[in-house]
Amino acid sequence: MKSTSDTYIDFPEPEDQPEDQPEYQPEYQPEYQPEYQPEYQPEYQPEDKSEDQPEDSKASVDPWPPSLLFHNGCPLLNHGGIARTLWDIIVNLATLYIAIIVPYEITFMRANLANRPTLVLDTIMEVFFVLDILVNFRTSYEVEEVLVTDSRSICVRYVKSWLLIDIIAATPLDLLHIFNIHVSDKMHLMKTVRLVRLVRLIKKLEKYSANSTLVLSILMFSFTLIAHWAACVWYEIGLFDLGTSHWQVGWLAQMAKRLERPYLANRTGGLSEADAYTGAIYFTVSSMTTVGFGNISPHTKPEKWFATCLMLSGALMHALIFGNVSAIIYRLYAGLSNFHVRINELKKFITEHEFPEDLSRSMRCYAKNNWASQGIKHHVLLQDFPEDIYSKIHLHLFRQILDQPLFKRGDARVKKELALHVSVSTHHHGDVFIHKGEVVQALHMVSSGALQLPNGDLLGPGVLFGTWQMRRRPMSSETLRVVGGCSVHSLSLEALQRVLDLFPQWGMEFYRDLQLDLDFDIGPKTMDNFFDCHTDSTAFA
């Protein structure tokens with residue numbers, strides 16, 4: 001194999017060559033490996049994803065870390081593994097169940113608490129909470145991005161943080177009922193202490209705060225849960241009033257009287273559990289939403305104080321939820337409104353300047369397809385990133401064109417410079433990508449879609465086209481028209497020449513292989529400019 005320097009010297013002078021065919025015929029070497037091996041090799045190497053890798057190796061990387069870890073031979077749950085994540089989901093669902101069911105049971109089902117239909121399910125929840133304590137003693141954690149698997153450190157951390165709350169919430173009161181051990185009804189409220197653990201769940205959901213649907217769902221659920229708790233308290237106040245001397249003016253007695261199910265003097269009879277809960281939740285929701293129809297209203301002093309506090313807190317919740325709803329609706333329609341404004345301005349501009357119909361149609365088509373899209377403008381999004389990360393992002397975004405044989409032989413430094421100069425353009429059906437006679441200013445690669453030649457042939461995805469006549473800016477010998485829709489990656493010849501000047505040894509290899517590796521040449525069908533390019537004494541410093 002000849003060295004790259006020999007190859008460069010052997011270029012003949014243009015006047016010594018016949019016009020039809022140059023003497024130099026570079027050999028295509030698909031397995032070519034440049035002799036120059038730079039010492040600097042950055043961490044990111046896009047060429048590692050080569051085509052000769054097995055298909056299985058190209059599968060996406062598993063986003064989940066291993067579920068099990070081992071410390072001194074003892075297994076631990078990885079706090080970020082899928083097993084721990086699924087366990088947290090189960091425990092959080094159990095906590096939400098407790099938050100809903102327990103207040104209802106100790107208020108509306110207190111007369112038959114030991115034989116309630118949910119006793120078995122409540123017992124299962126208690127078992128989950130007890131197991132969760134054991135799991136927390138065997139789960140790793142992170143401190144400043146350092147994984148901690150030491151058992152003693154895990155235990156000390158858990159004891160100082162959540163252990164006491166978890167023990168209180170996991171007290172097996174329902175198991176005591178099964179063994180006929182009497183406990184106070186109010187003791188079941190200890191289970192709700194576990195709601196404090198939901199703070200961790202809220203912190204995890206903060207990264208999804210941009211998801212309008214999720215935020216709105218959380219707010220609505222929170223509002224409903226508070227209304228449910230308030231309904232249970234409202235019923236307790238009604239029961240308290242039934243035990244006083246003015247029991248007949250309380251809201252429970254008044255509602256029972258209207259429904260013709262009055263409470264008797266010995267406080268028997270009256271509303272069923274379902275009717276009482278329906279009235280209570282109706283009152284709390286209507287008060288918290290500031291509607292307040294008045295058909296269920298406070299009469300006694302405790303009821304009036306509670307209703308006052310409920311309306312004050314409800315007004316805050318109402319403002320919070322509907323304020324977020326307004327913001328969500330604005331985000332949904334702001335882009336659409338801006339789109340219509342720009343379209344109307346474009347129509348006025350077209351009318352004012354009397355553009356031809358075919359050009360007007362192309363302008364409107366481009367505007368509707370590009371302005372209406374919600375695509376991310378990566379150059380705006382990434383403008384504040386440091387240079388190293390910015391270049392690695394570009395290496396990833398434009399790996400398709402950089403993996404072309406023409407550029408693939410360059411080392412990591414070359415690809416880094418090239419990636420910063422690649423641009424992307426999107427074109428729509430019927431657009432002319434380049435007219436015959438226009439100056440060719442870049443090397444292009446079809447990323448998706450297709451371009452059609454005048455003879456009907458198509459340039460599909462992965463086709464690299466342009467010109468190998470680098471020094472002179474030749475004119476296109478073909479007219480390329482977009483079929484269906486097309487995305488093209490482009491590397492300007494001016495930027496490419498600057499990179500070639502920075503890396504002259506790779507530049508010699510590039511010029512040697514350019515004509516062979518270019519899939520389609522849209523420049524003039526002549527060899528003159530090729531030799532002007534390769535024999536120019538100023539080509540390399």
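Even glycines carry a Cβ here, placed using N, Cα and C.
Taken from TrEMBL, the feature compositional bias 'Acidic residues' covers 12-22. Look at TrEMBL and you will find 23-44 tagged as compositional bias 'Low complexity'. The compositional bias 'Basic and acidic residues' feature in TrEMBL is assigned to 46-59. Residues or ranges marked as domain 'Cyclic nucleotide-binding' by TrEMBL: 406-500. The feature region 'Disordered' is assigned by TrEMBL to 1-61. Taken from TrEMBL, the feature transmembrane segment covers 86-107, 161-181, 213-237, 305-333.
Per-class residue totals from DSSP over the domain 'Cyclic nucleotide-binding' (406-500), listed helix then strand then coil: 19 helix, 41 strand, 35 coil.
Put simply, of 161-181, 213-237, 305-333, the stretch with the most CB pairs closer than 8 A to the transmembrane segment (86-107) is 213-237.
Same-chain residues lying 6 or more positions outside the transmembrane segment (161-181) and placing a CB less than 8 Å from one of its CB atoms are 98, 113-114, 119, 122-123, 126, 129-130, 132-133, 136, 187-188, 190-194, 196-197.
Confidence over the domain 'Cyclic nucleotide-binding' (406-500), given as mean pLDDT on the 0 to 100 scale, stands at 87. Note on the transmembrane segment (305-333): residues 212, 215-216, 219-220, 222-223, 226, 230, 233-234, 237, 284, 287-290, 292, 297-298 of its chain, located 6 or more positions outside it, place their CB under 8 angstroms from a CB of the stretch.
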